[in-house]
Amino acid sequence: MKIKKIMHNIFKGLITALITPFKDNKLDLYALERIVKHQIKYEVDAVLIAGSTGESSSLSFEEYKLLLQTSVEIVNKCIPIISGCSSNNTTYARALAAESTKIGVDGFMASPPSYVKPTQHGIYKHFEALHEACNLPIMLYSAPTRSGVDFSDETILRLSKLPRILALKDCGVDLERPLRIRATVKKDFNILTGNDEVVLAFNAQGGVGWTSVASNIVPNICKELLEKWNKNDTKGALEIHQKLLPLYTALFVESNPIPIKYAAHYLGLCENEIRPPLTEASDSAKKQIENIITSLSIKI
């Protein structure tokens with residue numbers, strides 16, 4: 001019963017994929033507090049720490065632990081915390097999952113191992129190992145443009161039968177997929193989109209929410225959009241979605257999280273510091289971001 005309760009609270013609704021703030025090439029814990037408290041203020045359904053948007057691949061293991069520990073302290077059980085545990089090394093991914101459990105997050109997310117191109121059986125065994133490494137609920141993360149490999153529908157079905165694998169975050173472009181998955185998996189397996197621009201279309205096909213990049217700076221508007229959708233106010237949700245579309249576009253004009261890091265900096269949340277091999281936003285991208293922030297009257 002406890003696992004089902006956690007699933008209901010975490011893998012559903014608006015989950016913000018948080019940026020990780022840096023200053024002088026170190027974690028900026030003061031900025032982290034501003035960022036996290038901004039999410040708590042607008043009652044997002046959960047925050048995702050150390051995912052793709054959080055530059056997880058640039059973090060040392062010690063930084064990863066400090067980031068999670070500090071986030072748990074700041075949140076103080078106000079909202080659930082999901083940690084990112086993706087790695088192309090199964091042993092290291094297990095270590096991330098075990099450390100997440102020890103620190104006290106509420107669940108974790110992981111993608112298939114990137115670069116090494118495992119078979120579907122290899123992907124299954126990777127997640128089976130993560131499942132055995134901890135007691136936390138798990139969300140699968142499908143991001144084929146990043147990882148270079150994806151779950152087949154059959155592998156998702158197999159993995160959904162493991163008792164603590166409870167959701168899928170899908171960053172693909174196949175809008176039929178949630179319908180196909182929904183038809184085969186257990187009833188309480190949730191599917192969410194990771195693409196801001198398709199949230200309404202995705203949820204119309206069986207999704208139950210989204211992990212958002214834009215909600216780093218507009219959690220209040222994203223929350224309102226989902227609330228209208230869940231109340232069957234399709235017109236109201238669509239109006240908000242159309243208003244946000246230029247923001248979604250601006251935030252992906254260059255590789256995520258380059259634009260959202262600059263947007264957060266422009267609004268005073270953190271330094272515009274991003275780790276190599278990523279570089280800060282180009283001048284043209286900065287101008288596009290500034291213009292849409294001004295036109296939408298976004299303030300922190």
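Counting starts with 1 at the first residue shown.
Glycine residues also receive a Cβ, built from the backbone N, Cα and C atoms like all the rest.
The feature site 'Part of a proton relay during catalysis' is assigned by Swiss-Prot to Ser52, Tyr115, with sequence analysis given as support. The pyruvate binding site feature in Swiss-Prot is assigned to Thr53, Thr211; the stated evidence is sequence analysis. Marked as active site, proton donor/acceptor by Swiss-Prot on the basis of sequence analysis: Tyr141. The feature active site, schiff-base intermediate with substrate is assigned by Swiss-Prot to Lys169, with sequence analysis given as support.
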Across every protein chain in view, the count of C-beta atoms other than its own within 10 A of the C-beta of Thr53 (pyruvate binding site) is 24
CB neighbours within 10 A of Ser52 (site 'Part of a proton relay during catalysis'), counting all protein chains shown, number 24
Cα of Tyr115 (site 'Part of a proton relay during catalysis') to Cα of Ser52 (site 'Part of a proton relay during catalysis'), in Å and rounded, measures 15
Quick note, Thr53 (pyruvate binding site) and Tyr141 (active site, proton donor/acceptor): C-alpha atoms separated, nearest Å, by 13
Row Thr211 (pyruvate binding site), column other C-beta within 10 angstroms, all chains, value 29
By Cα geometry, the one of the recorded positions (Ser52, Lys169, Thr211) nearest the residue listed as 'active site, proton donor/acceptor' is Lys169
Here the recorded positions are Tyr115, Tyr141; the one whose Cβ sees the most other Cβ atoms within 10 Å is Tyr141
Residues near Lys169 (active site, schiff-base intermediate with substrate) by Cβ (under 8 Å) yet at least 6 apart in sequence within the same chain, in sequence order, are Met109, Met139, Leu140, Tyr141, Ser142, Leu192, Thr193, Gly194, Thr211
